[in-house]
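*Asks:* Sharing the feature lines straight out of Swiss-Prot:
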{"type": "BINDING", "residues": "GLY114, THR115, HIS116, GLY117, LYS118, THR119, THR120", "note": "ATP binding site"}
Amino acid sequence: MRLPREIGPIHFVGIGGIGMSGIAEVLVNLGYAVQGSDASDNYNLDRLRKKGAKVSVGHKAENVDGAEVVVVSTAIKRDNPELMAARERRIPVVRRAEMLAELMRLKSCVAIAGTHGKTTTTTMVATLLDAGGLDPTVINGGIINAYGSNARLGAGDWMVVEADESDGTFLKLPTDVAIVTNVDPEHLDHFKTFEAVQDAFRHFVENLPFYGFAVMCIDHPVVQSLVGKIEDRRIITYGENPQADVRLVDLTPMGGGSKFKVAFRDRKTGAVHEIPDLMLPMPGRHNASNATAAIAVARELGVSDEAIRSAIAGFGGVKRRFTKTGEWNGVTVIDDYGHHPVEIAAVLKAARESTNGKIVAVVQPHRYTRLQSLFEEFCTCFNDADAVIVADVYAAGEAPIDGIDRDHFVAGLRAHGHREVVPLPAAPELAGIVKGLAKSGDLVVCLGAGNITQWAYALPGELNALG
């Protein structure tokens, strides 16, 4: 049995969130009655209103009036008035992943998982399948620049979704094809141990049907180890590793992008097929790797080499993934979602490839628990930055932790040998500090999952106002 079309209003608590809004948008486009609320207004709410969803700002018990089912994310606390009202009225309450799973049952699916790179890789898979005429439905964890949205309803048989592992619910997703980009220590507030994280990814792949397949990056040692533990499922490996089935070869930075070749090796015959002269208009080895994963899936699903090459060359990217927000006196300002040490190091390495000038990193640590559990890694991931400006921790609802704050982080970076580390007293002072550090040809890279994106977009104008 599938989600009946005649079901009454589906209510989303936190409908403006990047994960929730995509599901809501696809449901609206499918003809379901959708309503919801969020704590504050934003771009996603406005987009959903225009599509016909009934959206409220603020959480109130009466918002769930008439709802047949209530959808919540893990960000919603048990004392939320709408969640409490739903339970008092015996309205079914489901997690975001459960509703996503219902949508996935309508199509054949590709699900992209991994600690980092999910959103970009999801966008790349969608772009390639679209170029191949497969017209996929897409539900992503970021705004796809080509769509102006994180979701779209396609007429084809395939759905491409980002599989969020943060609360373990990605194990509920019924996918036919899986990508695993990497597995690092993250979300330990939920999983408790890194071993539990690895077990979850192993189960994610083992949940595939016998006719499906997984595309896994063996450049990452943990993923390579997982490949060796998974039995009875078809695995296609990818990466720069010479043992990979789909190999990234001859990677050359080209200004703001990369040129490379992808080689496919047939395990049975040993024959090699190559797609040469691929041009990706995004810098960074990590983005070329993500593209290789997407290419592996696309070719497996019948997309031609010519369509792949054209789509990669025209790739429009994702909002908040190395996004240029403006310039000032030859200084370029970049906004990036990177908030884990591995992501930060990759972004700064991509920045280093993109300029001969200095790299000024502005970091807003996201969550006290993440900074605490990965403190050593955070203190060593800024090596490609010539200067680091450190803002206060963005709490994301967490309580402060003694000894885990901006000043201790600044001290940690200095203790690990970083020569230029500047604490940011307050956001309005950012432009003045940047003006003193950056000159023409330099890159200012704003990093974090909090409200630093607003600073990144305001910064060029603030710098111009200073002269």
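All positions are counted from 1 along the displayed chain.
Cβ coordinates are placed from backbone N, Cα and C, and glycine is handled just like the others.
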*Asks:* Need the DSSP three-state call for GLY114 (ATP binding site) to compare against my parser.
*Replies:* coil
*Asks:* Among HIS116, LYS118, all listed as binding-site residues, which has the most CB atoms within 10 Å of its CB?
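*Replies:* Neighbour-count leader: LYS118.
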*Asks:* Just jot down the residues in the same chain as THR115 (ATP binding site), at least 6 apart in sequence, with C-beta under 8 A of its C-beta; none if empty.
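*Replies:* Once residues fewer than 6 apart are set aside, THR115 (ATP binding site) is near GLU165, THR181, ASN182, VAL183, ASP184, GLU186, HIS340, VAL342.
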*Asks:* Take the Cβ of THR120 (ATP binding site) and count every other Cβ within 10 Å, whichever protein chain it belongs to.
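*Replies:* There are 30 of them.
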*Asks:* Taking the Cβ of THR119 (ATP binding site) as the centre, how many other Cβ atoms fall within a 10 Å radius?
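*Replies:* So the number of other Cβ atoms within 10 Å of THR119 (ATP binding site) is 24.
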*Asks:* List, in sequence order, the same-chain residues at least six positions removed whose CB sits under 8 Å from that of GLY114 (ATP binding site)?
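*Replies:* Result: THR121, GLU165, ILE179, VAL180, THR181, ASN182, VAL183, CYS217.
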*Asks:* Which of the three DSSP states, helix, strand or coil, fits THR119 (ATP binding site)?
*Replies:* helix
*Asks:* Using a 10 Å cut-off, grab the number of neighbouring Cβ atoms around the Cβ of GLY117 (ATP binding site), all chains included.
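*Replies:* Result for GLY117 (ATP binding site): 24 other Cβ atoms within 10 Å.
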